Amino acid sequence: MELRRRDYHVERPLLNQKQLEELGRWSSVTGTHQWRTWLQCSHARARALLLQYLPVLAWLPRYPVRDWLLGDLLSGLSVAIMQLPQGTFAVMSVMVGSVTESLAPDEDFLQDLNSTVNETARDAARVQLASALSVLVGLFQVGLGLVHFGFVVTYLSEPLVHGYTTAASVQVFISQLKYVFGLQLSSRSGPLSIIYTLLEVCWKLPQSVVGTMVTALVAGVVLVVVKLLNDKLQQHLPLPIPGELLTLIGATGISYGVGLKHRFGVDVVGDIPAGLIPPVAPNSQLFAKLVGNAFAIAVVGFAIAISLGKIFALRHGYRVDSNQELVALGLSNLIGGVFQCFPVSCSMSRSLVQESTGGNTQVAGAVSSLFILIIIVKLGELFQDLPKAVLAAAIIVNLKGMLMQFTDICSLWKANRMDLLIWLVTFVATILLNLDLGLAAAVAFSLLLVVFRTQLPHYSILGQVPDTDIYRDVAEYSEAREVPGVKVFRSSATVYFANAELYSDTLKQKCGIDVDRLISRKKKLLKKKELKLKRLLKEEKLQRQAAASKGTSVSINANTSIRDIESNNMEGSKAKVSAGKELEDTAASGQEDAKAPDGSTLKALGLPQPDFHSLVLDLGALSFVDTVCLKSLKNIFRDFREIEVEVYMAACHTPVVTQLEAGHFFDASITKQHLFASVHDAVVFALQHPRSGPVSPVSVTQL
């Protein structure tokens, strides 16, 4: 949009902070206590809490049945059939399996006679461990949700989430390879587990089952073709073709009719246990052994859920309540643990399937859950011949959306390379260290990068854009000109303990003068003058003592002639006058230094003078100040006044001014009259009041 040039004129007085507060009638804002809001009791408050913790009451009455019901129904059925043979999320399942295997190893269930493992007892113990772990994970997640632990989502930036979910999709992809090639792999967990799994897949490729590979390939081609048709005929179809659902049903029928398992060795789902297990209270004695792993699994499960939630929220334009997600996920694990389930999180592959098959709301999840319940109770035997390779092909095809996030590397390289660094570190850390340690490393790196970037901000000397009150970096704006006699300095980040010293050093460097060396030379010369004064005072004292001793000798020695006495008195008097005159000059100079210190100016000492008389610090970027920042600013005032440069501050936000007052920054030598509403105010005031020499603290306050 092109803007036409329109001049405007504003006439106002120069405003320092004190005048601005008087003009605007500033008063401190009294903060409201959050706990008072929590304890309020009203109909509106009760309704808001009810809708907050049961959001289904808000969206279900407005559910568009005609537009969304059929899509949710087909999507729910597709996800339900895919859910039959596996756990919700492969990585979570591996984490749970590693816990149960470490606490209930095979060695604990060896039979005495033939040293074989009692699998029935072992599996019962592991189920007990998994269910207790699920309950504990649920308790952690519900508790964290109620105390609003979801705030940690603010530290999960978009590049971090994309890198994390891309790494998770790679892990899911690798975990499905054994079903695509029909391989038997070892179960691994922990750092580098996905690397070892990939190496084992490559090592065992010669053992692949050809029938399984062909089945996976055919299913994958069918799914890709259906998705291409859906994209091409999107405007002509009322609903997308349910490719996953039709493929799974067709593959089950073909497998049953042809006998893929017996004739070609294709691995199928097999027996699905029928009926529900009655609820059982968890063994609380196991909690002490499981608490550490439970917390780690709780955090990883939440991280996966909220990462996927944020991705879909960005795609479809809604927001995710992280605390509500924690509570919902925790209740699922808590109640599921009572029914001897293991901890779960949202599934990346099935979430993508639900989205791609037309799912719009939680109705699809409800349909999926209901269908799985029916299968568990009655219809499980109908899907015993479903090939696992077909399920793996469906998962891999639907990972396309997540794997396409690799294109973020090119876009971030052009847009922001710091974000690209976060993406790459998150991806590599998650691949190498697994989801739990990888997430911790990614968040830690992201926060350290923020600190690092504030430690090395952009510092600049500002100049005035002609005929405006706007000041910009003279290195970037060719028409911006420095105001003669005034230096304006700005930092792009707040000043705090990590960069306060760099701020001060860069300021002195940008001013084009070695402030510390100049102050050191000045102090040396002043000290030299002080020593000279003391030496002269000492010489006068010695001369007076010598004169007094000569006078005494005259009165004692009667043979001395009067002419000799007069001659001695005249010489002593001349010496006294000569020494006294030099001493008076030096003393007078010292008195002038104390009263109006012209003798201590840089010019009087023969030192070079700065080519500017005023320094303006643009503090508009400050969001807070700490004690180190306060001391650094005070030192800047002290050092530049030593070289006869007056310092002003400008554009401070009100919370920062309040923190300056609380830190006792303002005193007799630095008042609010040194702080101006804008940079231009400070510059104009500095031009009207050029400093010609050192000013005493009393005169500083009378600006």
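From the backbone N, Cα and C atoms, a Cβ is placed for every residue, glycine too.
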Range among 166-185, 326-345 that TrEMBL annotates as transmembrane segment: 326-345
Correct range for coiled coil (source TrEMBL, candidates 99-126, 463-490, 519-546): 519-546
Residues from the same chain, set at least six apart from the ends of the transmembrane segment (357-377), whose C-beta lies under 8 A from its own: 56, 59, 63, 68-81, 83-84, 239-240, 242-245, 272-276, 383
Touch test for the transmembrane segment (294-314) and the transmembrane segment (132-156), at least 3 Cβ pairs under 8 Å: yes
Interface present between the transmembrane segment (132-156) and the transmembrane segment (389-414) (three or more C-beta pairs under 8 A): no
For the transmembrane segment (209-229), distant same-chain residues with Cβ under 8 A (at least six beyond the ends): 179-182, 241, 243-244, 246-247, 251, 260, 263-267, 356, 387, 389-390, 392-394, 396-397
